[in-house]
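> Here you go, one structure.
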Amino acid sequence: MTIRGFRQPPAASDPGDAGPAVELDPSQRAVVDLPVGVSAAVLGAPGSGRTTALRELVADRILAQGLDPAEVLVLAPSRAAATRLRDELALRVGVPTLGPLARTATSVAFEVLARHAAATGTEPPRLLTGAEQDQIIADLLAGHEELGTGPAWPDPLGVEVRRLRAFRTELRELLMRATEEGVRPDALADLGRAHDVPEWVAAAAFAREYEDVVDSFRGDHLDSAELLAEAVLRVSRGEALTGIRLVVVDDLHEATVATLSLLQALAARGADVVAFGDPDVAAATFRGAEASALGRLSTVLGLPDLRTLVLDRVHRQPPALRALTSAVTARIGAAGAGRQRQAGSAPGLVDDPDPIQVIEAPTRAVELARLARRLREEHLLGGVPWARMVVLVRSGSLVPQVARSLATAEVPTRTAVAGRALRDDLAALALIRAVDVVLGRVPLTPELAAELATGPLGGLDGVALRRLRLALRQEELAGDGHRSSDELLVEALAAPGRLETLDLAPARRLGRLARSLQGGRELAAADGTVEELLWHLWEGSRLAPQWFEQALQTGIVADQANRDLDGVVALFTAARRFVERNPGRPASDFVEELLGAEVPEDTLSPQPLADTVLVATPSAVVGAGYEVVAVAALQEGVWPNLRLRGSLLHPQRLSAVARGLDRADVDERAEVLSDELRMLALAVSRASRVVVLSATANDEEAPSPFLRLVPPAPGLAEAEAGAEAGRVAQDAPAALRIRPDHPLSLRGLVGALRRELAVVHRDAVLLDDGRVASGDRTARRSADATRERGLASASALARLAAEGVTGADPAEWYGLRAPSTTEPVVDLADPEARVPVSPSRLEAFERSPLNWFIDQASGGSTSTAMGIGTIVHAVMEEASLDPDADLRPPALEARLDERWGELPFESPWVGERERRQAGELIAGVSGYLRDFAADGGRMLAAEGSFELEVGVARLRGTIDRIELTKEGQVVIVDLKTGRHYPTRAEIPAHAQLGSYQLAFVERALARVPEEAPSGGAKLLYVSGGTRGLPYRELPQEPLTREELDGFRARIADAAQGMAGATFEGTPDLGERDPGSARRYRIHLVRAVSA
């Protein structure tokens, strides 16, 4: 099976797309004209054409200077950047090469060691991913905690701290920094003692154990720092990369110490090094990037003759945007460079009429709604493709929220798959959960069964699952079974044929999943790989064509489909890599590692084809350019985030100490501020036309002080104010010369047109029904205008409907649809027809016929309280029927506990709380039963059913208890476990008790002596006592003949209403009334007919 529709997005590239040679400015030409044998550092502001100059330099050396492509090495800071640069160079150079021209330093290092392994006949090393390192560290820390062993961590780094992902991240960073600086564990401990950093001493002990664990693995397992260190050693010895004559580095400001060591080794072997970069936009300084390396490259590489060139023209940003970027970079520490900041916009670049826009909103929701409108304006009015726009946020945790909000507002979005762990992806997690069950790693519990059923693979919603549970339970009861719906749901997924007897759509869907799981079990038993298991489950789900079609649409459903497909592809990529690297390991290892991994894995999975807006953090757009850049959630305390980095284990300090640098006078907070400004500079410098900055401003949240860096845009505030008021000046920016209430989205446009039609219809009725004098010319003109508006709206809707826009076709409007049936519930024209009436629901009908009908049609709703009430009723029934029963609370609670496991609870503490409250109910039952026995009463029947015809009504019910008092009177008892009591004034007319008394008078009750007089009926509440008793009785006196006739009339009238075809609602119920619940109120809203 193949998944269609994936390739790299068609945007996000610097000016000067790859292809034929481009025209260079004099400063770029100076780079290309560098003599062979000369190394250089090329400083260039964002958008100055650094990558263009790099590309032309490589093309010149290969095509004009005669270098073999194998003699040229181009390094990029990330795999994504390397992939993009590789494609551009391949198009520009246009000659065959033995491999990609652009690589990452880690990729080069891996190739060096792999070739060495092949030459020596040894096994090549394996790269430990960040996720794998994190898992190893987590396992070691968990083992230390469990056994009470491990390093003596300082008191501030207690067990709770060491459980945090942030601690593991810093520990991993510290270990990598130590490797980059050549600091072995013993040396790390010595540095810790010498500089009074006890955290390093403990980390050194941990590093020894970590190394022992990694060394115990089959083959060499190296992290990226170790990989580079080994490669540098071999390059320094002349064992690798001996033919490299030119090394070109893009974005050197993102290079780590390990990458710089590789460059130093290559330079020492005689290779020319030309490095491009700008310290002002370094995005990875918190991960060890050396932003200052470009300014001291001569010293770093040991090349005293290294030249420094500066690109002096910015080709991406016109003057206004360039001024914004300069305002940000001017506040950053120079990092050994700074001359690139003087570059101005290239001649010919003209500012957009509204280049810098600021949005301040009272809430985040409003902020993102306004931002979405801005993006739609640029797309619809400015003609900017979605893929040429990007929304950037400071923290990766904000990405899902922002992407979701924009998608809801019909802005198609995409996010980077590698920004989240696979276990946090809905679609990937569903497949992994299914594999977990197939492998038998986890038992199929009711909770897991419900999760699978309502997840992507099962495809059921809550209503469908409830219908399926009810059907399973009814089938079980029909067979005299007593298993709960939870047990039956588990059985349904464990035994594929279990659902064949149910003719329900949910049963068929879940049956398909059950068969897929069974096939997976058989495949697992045959030693199938995890990749094969995943493909089996994926193909069995039939989700590929469904999600593909959804992904081609717009809106939140399309956005989710794109994310789901991205997650599935990333999961398959990870599974394939696992199988290739570990051909002998079981599939369960992959599942365990993936579910335990909190760190996202890097992935080169293809990106969706659709034209979408990227939502990401600034680090995701290194080397990219866009027409419109939006920087969202610019909040105080969020951006800038001035929390000191590495405050737990101080990995940054280790690098300085290892080089003998004195950081005593360093202002660490100023360094953090510079890093935050670099990220902002990186963000705003991606824009070539418009920058939108948005923030929330209210009593609790304040905009970021970074907004003060925005130069004022004359006239914009006034134009926006006019737009808000509906008065737009003709010289306002183009995006504001439209009606401010225009939705600018298909869904919003359909809604606005339908609303306009509804208003037109209302106005037309007022004009045509005789309320307006026929001779009134003003009225006639108004009528003509109304008709024109109606025709225009109807014409627009017709065009939208012809294009297939959802909601535009009147056939889809609920208000215009014919009722599914107008037949009555019961045809009373049939003399044999009877209307079933339940005593317990009689008052519900009298109060609101509509609410009663909704409950009847939908089956009502269940709750934990109702489940507890059912069990308490059963306990009372069992104890009443057992003449030898122990009626004390402990004995009755034992009966309660026998069935307590049938109830599902959200968490253990909720179950414990409900169990304590149920114990109070049992105490009330116990007190009543013992008092009744002591008074000499005798029970005649428990849970006795009856049926009685009253006119066209068939009154059916079940009575909890029918008692005979010592005076010989029959009393009917209805047990209640709720906490809301009717008043004593309401009891005489209580419909349920009255119905029971009517059944008694009509001799419809079994086991009741015919001569016994009535003692009335009563409600027995066991949820709260009165007068020192653990229960409360609310009696209804024996009904008189007139009262019985009244009840007969009530029942007959209710039956007539219940049999009808229409049911009236009660719109004026209070908010706290149960009858005002949303499932009822939604049916009182007037149907949309236009």
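Using N, Cα and C of the backbone, Cβ positions are placed for all residues, glycine too.
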> With TrEMBL as the source, which of 1-20, 1021-1040, 1061-1080 is set down as region 'Disordered'?
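Checked against TrEMBL: region 'Disordered' maps to 1-20.
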> Mean pLDDT over the domain 'UvrD-like helicase C-terminal' (325-623): what is the value?
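Mean pLDDT across the domain 'UvrD-like helicase C-terminal' (325-623) comes out at 82.
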> DSSP three-state call for GLY44 (ATP binding site): helix, strand or coil?
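Strand, per DSSP.
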> What residues, ordered by sequence, lie under 8 A Cβ-to-Cβ from GLY44 (ATP binding site) and sit at least six positions away in the same chain?
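Once residues fewer than 6 apart are set aside, GLY44 (ATP binding site) is near ARG50, ALA53, PHE276, GLY277, ASP278, VAL310, LEU311, GLN340, ALA343.
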> Looking only at Cβ atoms, how many others are within 10 Å of the one on GLY47 (ATP binding site)?
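GLY47 (ATP binding site) is surrounded by 27 other Cβ atoms within 10 Å.
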> With H, G and I counted as helix, E and B as strand and the rest as coil, say where DSSP puts THR51 (ATP binding site).
helix
> Output, ordered by sequence, the same-chain residues six or more apart from ALA45 (ATP binding site) with a CB under 8 Å from its CB, or 'none'.
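Same-chain residues close to ALA45 (ATP binding site) (Cβ under 8 Å, separated by 6 or more) are ASP278, ASP280, LEU311, VAL314, THR325, THR329, GLN340, ARG341, ALA343, SER685.
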> Among the binding-site residues SER48, THR51, which residue has the fewest other Cβ atoms within 10 Å of its own Cβ?
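If we count Cβ atoms within 10 Å for the binding-site residues SER48, THR51, the smallest count is at THR51.
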